[in-house]
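Shown next, in structure tokens, is the structure this report addresses.
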Amino acid sequence: QCNQCASVCPHAVIRPFLINDEEMAKAPRGVKDHALEAKGTKGEKLSFKIQVSPLDCTGCELCVHECPTKEKSLVMVPLQEEMDFGEQE
């Protein structure tokens, strides 16, 4: 939840969100299924979700290279594969 990928993206394709319980109750299944417990919220119960807009992505991979985790939290996949996944959600 470092948000470095969102910071480095030149087209704002990657957006981090903090979601409270009321918003989560109204959220679509895809958000509920993939949200994590937010860290560093000073006792407030929030969920964390990264949202990517695949149609706006240029494929520059700056986000992938910026990711500090050993097992990358972000992996590039072909656009059609991502679109097919979105339709299943």
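Any Cβ shown, glycine's included, is placed from N, Cα and C.
All TrEMBL annotations are machine predictions without curation.
Feature list (source: TrEMBL):
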{"type": "DOMAIN", "residues": "48-79", "note": "domain '4Fe-4S ferredoxin-type'"}
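Long-range contacts of the domain '4Fe-4S ferredoxin-type' (48-79) within its own chain (CB-CB distance under 8 A, at least 6 residues past either end) are made by residues 1-2, 4-19, 31, 34-39, 86. Mean pLDDT, taken over the domain '4Fe-4S ferredoxin-type' (48-79), works out to 88 on the 0 to 100 scale.
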